[in-house]
């Protein structure tokens, strides 16, 4: 009888291993938060709240693309967010290793929510530059625009015709591609966005979809 109660008092090995891992994670956390506080525009309190939410959705501490799509689709149930989420995931995954860590996520979020216009436009350029070759082509811009329209869904834009994203892109691209070489560089992109209120407003749409 004694041996049974004795056994009952000590936790199973798996629990103690998990506890230990959790403790070591907690021990490392403040150091990481200090660094992120210095690198981002979030306070320590905000970072702790973000971390809690992130760990809640992603207990492993990193997000793969499928999880990212699942989370994102919850925000846009009226449309199909998977393509836009794919492009967004690639923009957050700065080292292109197929996963987004809490650090990646917070760095991106800091720019999008608290960054200067210049920083936001740099980030937007990176999003539109799908193959990351330093240029935006008309096809890349069209792919992103279509993804945004798909995500916003038919109930948001009930009267949209199929051609609307293409028309949008034609107008934007002509304005942006100053030297008419068929690609938009980061300088052309930033210059045009900053000097064109309509395009800036469309960039605000982009900000809202994040």
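Keep in mind that glycine also has a Cβ here, set from the backbone N, Cα and C atoms.
Whatever TrEMBL says is automated annotation, not expert-curated.
A quick note: this is a predicted structure, and the numbers were derived from the prediction, not measured.
What TrEMBL annotates here:
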type	residues	note
REGION	1-20	region 'Disordered'
DOMAIN	80-115	domain 'EF-hand'
DOMAIN	116-151	domain 'EF-hand'
DOMAIN	164-199	domain 'EF-hand'
Tertiary contacts of the domain 'EF-hand' (164-199) (same chain, 6+ residues out, Cβ under 8 Å): 117-118, 121-122, 124-125, 128, 134-138, 141-142, 145-146, 148-149, 157
Over the domain 'EF-hand' (80-115), what does the predicted model average in pLDDT? 92
In the same chain, which residue numbers or ranges, 6 or more beyond the ends of the domain 'EF-hand' (116-151), come under 8 angstroms Cβ to Cβ? 76, 79-81, 83-88, 90-91, 96, 108, 157, 160, 164-166, 168-169, 172-173, 176, 182-186, 189-190, 193-194, 203, 205-207, 209
